[in-house]
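Some notes on the structure that comes next.
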Amino acid sequence: MFFTKPRLHRIITHNLHHLLSPHLLLSEISGSLGDLGTLLPLLLALSLQGSIDLPSTLLFSGLFNILTGLVFGVPLPVQPMKAIAAASLQENADLETTVAAGAWVGFAVLLLGGTGGLKRVMRWVPGAVVRGVQVGAGMSLVVAAGGGMVRPLGWLWTPEENENGHGGLGEWLDSRALAVLAFGGLVVGLGQQQQQQQQSGEKPQERRKKRSKMPVQVPYALVLFLVGIMFAVVRVSLSKDSPQSPPPPPHDQPTNSAPPWTWIWNPLNHIHPKVFRSLLNPQALSMAIAQLPLTTLNSIIAASALASDLFPPDSYPQLYADDESSDSPLSPSPSASSSSLSSAPPQTPSAETPKPLSSPTSAEEGPVPLTPLSLSISAMNLLSAPFGCMPLCHGSGGLAAQHRFGARSGTSIILLGLTKFLLGLFFPGPGLLGLLGKFPKAFLGVMVLGAGVELARVGVRNVEGEEQDRMVMLMTAGTILAFKNDGVGFLAGMGCYGGFRVAAWLGGGTEKGRGGEQGLLGEEEEEEEQGRVDEESPLLR
């Protein structure tokens, strides 16, 4: 049994141990920031576009962060659904369509988790198509960042016209020049990240020696976000010099007209009944179809397997279901207690190279089993959809990122969730969205670009094997970019994969690889082709 009183008691004790220990608490706080590079860009971009309700998203995602940390006891993140977010930004989808797409995924995941259909999806959908959706979604974010956010800006300033035709002084705080500077910082951050990945294969003594000479790593998205907020505050204060009425909220998003002292989140002011009618919108269905394999394989199966790898039963027995480990002491084991930011185990998988589909058995019996994880994702989206919350899921990449930054318990995401919950509860008025409306598009574009490149890089690096697999991935990603429709890209990738299988069957090819991946070349050609592929170095590796 997973949801048992003794297990929950052990998890609470595990979380409290990390909360009350000063050096472990610092590691948990550091780990909670590890996944902000994905959350902040998409949260800001979707909020400013009017595709989500920002206060509801902060409140519900914070609440789900807290519940996830209490139930699972591991730093399992609550992330945006990236394929839906990318499609929404590229297609300028309204709030109802975006949220309805997340609700459809919630329905599907609930059905799959309740009927045991996750393994069937794992067999039916080839990995190359899933990676193609990742690459296509990532490149869609890059296109949205460059074409919709940075390109309209001026090189040194961006004119801001108000009702009286006067430009605001804040126009100097948003330009392409700022975007170039922010992009330079992003490239430096990527270089430091690559250096850390190279050190993961070195001896522990050499790695600790090099780490001691390096400055403390802070998520670049967090730095850019804080600087952008300061710029936004300055722009808001400067805009008072010339009378200017705030623009209407995009997509007719409701605002709270109550006095400032009553700006506490009220469900009556944030309910969106049109979400249910948008369930029949073909655009929402298309976005959900593209997101479903990504959620099933990466957010459920890969996250479950990765949790078992990062938190093995011999080091973290308190996180496992009641079996032979149920008689273990309530306090965390010494190896778990001594884990900190400076002593991360060298075998920790990186956020770019999780281990999807590596161990289904351990994934079902690990600290994050498949069925509870799928129920968690469906509950998050179905319960929050009427309030316009951003489509949410868990993720293996975010789990690895937070673990790398020092998170070893649910304390990290509980602290992050508490912060988001309080922001959504006490700052739901129009002032918060107005402040974000002054957030420099230069910084936002670079943040979204970084998130898109990171998402695409994961897809590119996880495609291994035959040339046909890469062709399927490119067909999927290219069709997504060409038609600006993730569903069309998914169907194109499946059609390409099916065509290769038919050609292999007609030509007497053999089936090779996990999950039905095909090896369509002969043995000699296959060895020669594989040797050539191994000599190539993927971009940003």
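Each residue's number is its place along the chain shown, starting with 1.
Here the Cβ of each residue, glycine as well, is placed from N, Cα and C on the backbone.
According to Swiss-Prot, the transmembrane segment annotation covers 24-44 (among others).
Swiss-Prot lists 58-78 (among others) with the feature transmembrane segment, giving sequence analysis as the kind of evidence.
Counting same-chain residues at least six beyond the ends of the transmembrane segment (98-118), those with a Cβ under 8 angstroms from any Cβ of the stretch are 46, 51-52, 81, 84, 87-88, 272, 275-276, 278-279, 281, 283-285, 287-288, 291-292, 295-296, 300-301, 370-371, 373-375, 377-382, 385, 388-393. Per Swiss-Prot, the feature transmembrane segment maps to 98-118 (among others).
Sequence annotations record features per position, and here Swiss-Prot assigns transmembrane segment to 137-157 (among others) based on sequence analysis. Beyond the ends of the transmembrane segment (137-157), by six or more residues, the same chain brings 41-42, 45, 82-83, 85-87, 89-90, 171-172, 174-177, 179, 290, 294, 441-442, 444-446, 448-449, 451-459, 477, 480-481, 484, 486 to within a C-beta distance below 8 angstroms of the stretch.
If you look up Swiss-Prot, you'll see 168-188 (among others) marked as transmembrane segment, on the strength of sequence analysis.
If you look up Swiss-Prot, you'll see 193-213 (among others) marked as region 'Disordered'.
What Swiss-Prot records for 214-234 (among others) is transmembrane segment, and it gives sequence analysis as the kind of evidence.
Marked as transmembrane segment by Swiss-Prot: 287-307 (among others).
The annotation region 'Disordered' is assigned in Swiss-Prot to 317-366 (among others).
The annotation compositional bias 'Low complexity' is assigned in Swiss-Prot to 327-351.
Listed by sequence, the residues of this chain that lie at least six past the ends of the transmembrane segment (413-433) yet keep a Cβ under 8 A from its Cβ atoms are 15, 28-29, 32-33, 47, 54-66, 68-70, 75-78, 246, 249, 255-256, 258, 260, 263-266, 269-270, 402, 407. The feature transmembrane segment is assigned by Swiss-Prot to 413-433 (among others), with sequence analysis given as support.
What Swiss-Prot records for 435-455 (among others) is transmembrane segment.
For 510-541 (among others), the entry in Swiss-Prot reads region 'Disordered'.
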Range from 58-78, 287-307, 435-455 with the greatest count of C-beta pairs under 8 A to the transmembrane segment (168-188): 435-455
Contacting positions for the transmembrane segment (287-307) when only residues 6+ beyond its ends and CB under 8 Å are counted: 72, 74, 76, 79, 81-84, 87-88, 93, 97-98, 101-102, 104-105, 108-109, 112-113, 118, 121-122, 125, 127, 129-130, 133-134, 137, 349, 354-360, 362-364, 366-370, 373-374, 377, 391, 393-397, 399-400, 480, 486-487, 489-491
